[in-house]
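Participant: Pasting the feature list from TrEMBL:
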- Ser15, Arg57, His58, Thr90, Ala91, Thr196: phosphate binding site (BINDING)
- Met195, Asp219, Tyr220, Asp221: substrate binding site (BINDING)
- 8-230: domain 'Nucleoside phosphorylase' (DOMAIN)
- Ser177: site 'Important for substrate specificity' (SITE)
- Gly232: site 'Important for substrate specificity' (SITE)
Amino acid sequence: MSATLPVKIGIIGGSGLDDTDILEGRTERYVDTPYGKPSDALILGKIKNVDCVLLARHGRQHTIMPSNVNYQANIWAMREEGCTHLLVTTACGSLRDEIQPGDIVIIDQFIDRTTRRVQTLYDGQATSPAGVCHIPMAEPFCNRTREASVLLEVARSLGVKCHTRGTMLSIEGPRFSSRAESLMFRQWGADVINMTTVPEVVLAKEAGLCYASIAMATDYDCWKEHEEAVSGKQEAGTPVFF
């Protein structure tokens, strides 16, 4: 009988969803990788006696914009720390009437509209793995992880409306979509929109990690008239423009 590897959960927290207080017995570890430093320290601890590693995608002070996140280093660090699964969170805009602000979407597909991000760990650098990796992407997310009943049970227990599938469209950012773009993305079949799913999910699949993303809708992007879209502000709350 083959031995099973112990589960170790990596948690990559998005905007406003990187609270270290969820972990018991926390310790911090600053690491380096062949791709440079991750976004912040790895926070090690336990949740209900399960080993977990928490990483703030944009840094704990939210100083790293989506295009500048070192996705390669983040994924590599999680794998080197022994994570078997990645549960990540992301804020997103809704492109569908039925996905209301406050709803949760367990996404199962993506459309990539990023333009300047490395999407492989095999990037030809001297410190990277040798060769080229052509990774299948028909099923980008780990279905066994994303369909885990515990995700749906927790959502129901919290009274949160949860959509069990959805297509995420990732844009480069940091700007939001024009209304014409938002309407076009709806025609393409996208359900929600963010700036970070790609290349994170691609690199996780290449690294052999079971990856599931929990997206929380914050607004209706800008396609829906008479609805307030998210405004351009710095994380600290100082308006950049009106």
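Including glycine, each Cβ sits where the backbone N, Cα and C put it.
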Participant: Listing them in sequence order, which of the recorded positions Arg57, His58, Thr90, Ala91, Ser177 have their Cα within 10 Å of that of Met195 (substrate binding site)?
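Facilitator: Those close enough are Thr90, Ala91.
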Participant: Here are some binding-site residues: Arg57, His58. Which one has the most Cβ atoms within 10 Å of its Cβ?
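Facilitator: Most Cβ neighbours within 10 Å: Arg57.
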Participant: If you count, for each of the binding-site residues Asp219, Asp221, the other Cβ atoms lying within 10 Å of its Cβ, which residue has the minimum?
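Facilitator: Candidates: the binding-site residues Asp219, Asp221. Fewest Cβ atoms within 10 Å: Asp219.
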Participant: Which one, from the recorded positions Ser177, Thr196, has the smallest tally of other C-beta atoms lying within 10 Å of its C-beta?
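Facilitator: Each of the recorded positions Ser177, Thr196 was scored by Cβ atoms within 10 Å; lowest is Ser177.
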Participant: Mind telling me which of the binding-site residues Ala91, Met195 has the densest Cβ neighbourhood, counting other Cβ atoms within 10 Å?
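Facilitator: The residue with the most neighbouring Cβ atoms within 10 Å is Met195.
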